[in-house]
C-alpha cells in the first residue's frame, strides 16, 4: 500500500506541475491575442492562436484522464464526491480512458506539435478553421480504430488475453470494495505504434525542412531538442507499453513501466509547450516591443512618458500628436 501511495503522489505531483505550465501557456496565448489587436506586427504570428490554444487544451485533458485512471485517487478523492461506480462501470471507465488517451488526446497534441513545427517556416498562414479541421481529421482514423477494438471487441475471440485486456481486478480485491486497475492492451498499443511510425516519418520530413531554413543557432538548438525528445521518446513509449501487457497491473514491474510511459508523454507535453508556445510568444512580444522602440514616434513616446512619470514635462504630453512626425 505504501508503494502505491508513493506512485499516486508521484503522478499527482507531475500532473499538477503540467497543469500549472499549461495555465501559464494559456496566459501567454491570451496575452498575445490581446496585444495583437493593437500591433500589426503580431497579427501574422497570432493567426495560429487557436491551434496553440487547442494544443494546450489537449494536454490538460490528457493530464486529467491520467489522474482519474489511478484507482487510489478515485477511491479517496472521487468517490466521496460522486456516486461509487460498480465494477462494470469501472471497467467501461478504463476503456473510455484508453480510447481518449491513446486514440485522441495524446495523438491530438502530437499532431498539433507536428503542425506547429511544419508551419513555422511557411510564409503563408493557415486559417484557424482549416487548422482545427486538419487536427481533428488526422485524429479520427486512430480514434475510430481504438473504439472498434476496445468497445466493440474486434478479434477478441481469436487473440490471447494480453491483446484485449483493458482492466484488471487484483486478487486481494473482491466484492463491493473492489477497485479496477486500468491496463494497456497489446492491440491498442500496436495501433498506437502504427500511428507512431507514420508520425515519426512526417516529423522527420518537417524537421529537415525547418532545420535547412533556420539560421538562428538558438532556434535550431531548440528544434534539435524537440526532435531528440520525439524520436527517442515515442518508440520507447510504444515498446514499454507493449511490454506492460505481459505483467499484471498490480505488480511492481508493471508500475515501473507505467511510470516511465507517463514520464515520456509528460516530457512530450512539457517540451512542446515550452518550445512551441511559451518561447515563441515571448520572443514575438519582445521583438514587437523592440520594433516599436526603434521607430521615431515610439522613442518619443517612451521619452515623454518617462518625463511625465517624473513630473518634469506634464505640459508637453497634450502636445504629443502635434509633435509626431508625418509618415
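Each residue, glycine too, has its Cβ placed from N, Cα and C.
Features reported for this protein in TrEMBL:
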TRANSMEM  6-32  transmembrane segment
TRANSMEM  44-64  transmembrane segment
TRANSMEM  96-117  transmembrane segment
TRANSMEM  129-151  transmembrane segment
TRANSMEM  190-211  transmembrane segment
TRANSMEM  223-247  transmembrane segment
TRANSMEM  253-278  transmembrane segment
Positions whose Cβ lies under 8 angstroms from the transmembrane segment (223-247), at least six residues beyond its ends: 110, 113, 117, 162-163, 165, 183-186, 189-190, 192-193, 196, 199-200, 203-204, 207, 210-211, 214, 253-254, 257-258, 260-261, 264-265, 267-268, 271-272, 275-276
Long-range environment of the transmembrane segment (129-151) - Cβ separation under 8 angstroms, sequence gap at least 6: 48, 50-51, 54, 95, 98-99, 102-104, 107-108, 111-112, 115, 164, 166, 185, 187-188, 191-192, 195
In contact by Cβ distance (the transmembrane segment (253-278), the transmembrane segment (190-211); 3 or more pairs under 8 Å): no
Dominant neighbour of the transmembrane segment (253-278) in 6-32, 44-64, 96-117, by Cβ pairs under 8 Å: 6-32
